[in-house]
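Asks: Before anything else, here's the structure in question.
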Amino acid sequence: MTTVPPEAAAQPLNPPATHAPPRNFTYWLSTTNHKDIGILYLGLGALFFLIGGVEALVMRLQLAVPGNTLLRGETYNEFFTLHGTTMIFLAVMPMLLGFSNYLVPLQIGAKDMAFPRLNAFGFWLSALGGLTLYLSLLEGPPSMGWFAYAPLNERPFSMSLGTDFWAAALLLTGTGTTLTAINIIVTASRYRAVGMGLWKMPLFSWMAYVNSFIIVFAFPALNAALIMLEVDRVLSGHFFSHGGSPVLWQHYFWLFGHPEVYIMILPAWGIISEVIPVFSRKPIFGYEFVAGSTLAIAVLSFAVYAHHMFAVGFARPVNLAFAASTMLIAVPTGIKVTNWVATLWKGSIRFTVPMLYALAFILQFTFGGITGVSFAVLPIDWQVTDTYYVVAHLHYVLMGGTLFALLSGLHFYYPKMTGRMLSDALGKLAFWMIVLGFNGVFLVQHVLGLMGMPRRVYTYPDLPGWGALNMISTVGAFVLGLGLLLTLINLVVSRRLGRVAGDNPWQAWTLEWLTSSPPPKSNFSRLPPVHSSRPLWDLQHPHDPDHKRPRRHDKGGHIREEEKEHHQ
Ligand code: HEM
Ligand SMILES: [Cu+2]
């Protein structure tokens, strides 16, 4: 069988390079193009990741040895509050929205988002939110933790205006995020290429799409809680204290907060679902299951929220219902992991940097998922709640999971975004430092938690083992930090010195790889016919397209002969 090389197949459809305006300050301030907004979101996320990362390192320095006095107790509280809020709302969320903005229109063959100006507005609201959070430094930063439990968040316990800045910051970024989500929903609903049914959308776009619905339904709970909090604080209302109910805050917060953890993982799953097949040279195993289980998760993510509240003292049936739903949500999650592993099975695997991050993701995310399910066993939760076991769990899913997926996506899409390849040697060195550093920081924290070390303490007594394990954790944090710094250097240096990438350096199959790198302003001059979720495969193999194959065959874990050829 002869195969058309991907470059030749893509050639006639390639739009010519257009003349670009100079990219100065006013350009970035006024641009409404989805790719620019995507890059702005990624830049915003990276900036705040750096800030949140430095905060983390300072906290780890304080915790390196027992009885340390680098930070005062109150300052430590401010640090973990800023760190948690920054990482979740200003680092991870913007980076995920950055990928969604950049990729969804390209993957579905659209010229831009449905509402480009709204898109820019959403981004700038988020940026303003970030600024607002850090303006709180002028007034005394918030210190009640990222979930801001009542009554700690109320006036008598948090007198400083910083807490109001915190609430305003979350309202601003939350509104920006919601607008972007609405934009993604409309774009993916209305602007898909002819022939691309919903069930043929590339998996990243699928998950960004479903994710946007979760955002639209989850953020109102947070916004309502924040507004009620401000009524309490500014107008002497009593929703959450002074006769109101502190537990009511927890209901509102976690009705947002648990879906939020899925909001932070769905696009990450989307990235992994793009990367694993390309570097296994096989279509994803069970596309329908990967996509369908996402829908189940979207619904269930609201039904599990009170598993964050087992220590509140609910009636037994309530506890049991939330324990059961939590165990249930592990099923669609497990389906995804199974599908990724089955895609790897008998694949022709290429250990590129994006693939290394994706493989580490599968291991670390699964590990974090398992400790997560362990909380659904009530006696375990009561034992370890508010200990370092929880800190370890949340970082395994958020960092070992989401952040590793982001790094995978960054290495995978950098050639598309810039036209240059990242340095492979530097990428691999950084990868190993990040993996070693990350597991060094957080693996030992499970043990510390089980030994009884509480979270959110600025220092601890010199009990047997505590000092040594904390020291390992701190050393790990610096190795991790160094790895991330190397990654940053790679990103900057390769922009000029990297090898020219070409349109489709990884021989991938979705539409974004058809256009030039970086893509021109309106993405495509014309599109190929779309019949399956891998239009480029179909284009390159007119005699053997996906849609003419019996489905059974793809799911059987076979690798097609041509796919092997491409690999060599
Ligand atoms: C760069 C590596 C990181 C290190 C070394 C680190 C370290 C820490 C430390 C020391 C704490 C305070 C624990 C306590 O006293 O209870 C903490 C809390 C937290 N971290 Fe990280 N972290 C890192 C990355 C991240 C990332 C990427 C995220 C989110 C995506 C994140 C989210 C959180 C959250 C939500 C909390 C809880 C804050 C709170 O208790 O209110 N961290 N982290
Ligand atoms: Cu949860």
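Please read every residue number as a count from 1 along the shown chain.
Just so it is clear, glycine is given a Cβ too, placed from its N, Cα and C backbone atoms.
A TrEMBL annotation is a machine prediction, not a hand-curated record.
Not my notes, these are from TrEMBL:
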COMPBIAS  556-568  compositional bias 'Basic and acidic residues'
DOMAIN    28-531  domain 'Cytochrome oxidase subunit I profile'
REGION    524-568  region 'Disordered'
TRANSMEM  39-59  transmembrane segment
TRANSMEM  79-97  transmembrane segment
TRANSMEM  118-137  transmembrane segment
TRANSMEM  165-186  transmembrane segment
TRANSMEM  206-229  transmembrane segment
TRANSMEM  249-272  transmembrane segment
TRANSMEM  284-306  transmembrane segment
TRANSMEM  318-335  transmembrane segment
TRANSMEM  356-378  transmembrane segment
TRANSMEM  390-414  transmembrane segment
TRANSMEM  426-448  transmembrane segment
TRANSMEM  468-493  transmembrane segment
Asks: Taking pairs 6 or more apart in sequence, does the count of Cβ pairs under 8 Å between the transmembrane segment (79-97) and the transmembrane segment (249-272) hit 3 or more?
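Replies: Yes, the transmembrane segment (79-97) and the transmembrane segment (249-272) are in contact.
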Asks: Count the Cβ pairs between the transmembrane segment (165-186) and the transmembrane segment (118-137) that lie under 8 angstroms and are 6 or more residues apart in sequence, then report whether there are at least 3.
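Replies: Result for the transmembrane segment (165-186) with the transmembrane segment (118-137) is yes.
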Asks: Below 8 Å between Cβ atoms, which of the listed ranges 118-137, 356-378, 426-448, 468-493 makes the most pairs with the transmembrane segment (249-272)?
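Replies: It is 356-378 that shares the most Cβ pairs under 8 Å with the transmembrane segment (249-272).
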Asks: For the transmembrane segment (118-137), what are the same-chain contacts with Cβ under 8 Å, counting residues 6+ beyond its ends?
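Replies: Same-chain contacts beyond the flanks: 30-32, 34, 37, 40-41, 44, 48, 51, 82, 85-86, 89-90, 93-94, 97, 101, 160-163, 165-166, 168-180, 182-183.
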Asks: Across the domain 'Cytochrome oxidase subunit I profile' (28-531), what does the pLDDT come to on average, as a whole number?
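Replies: That stretch averages a pLDDT of 96.
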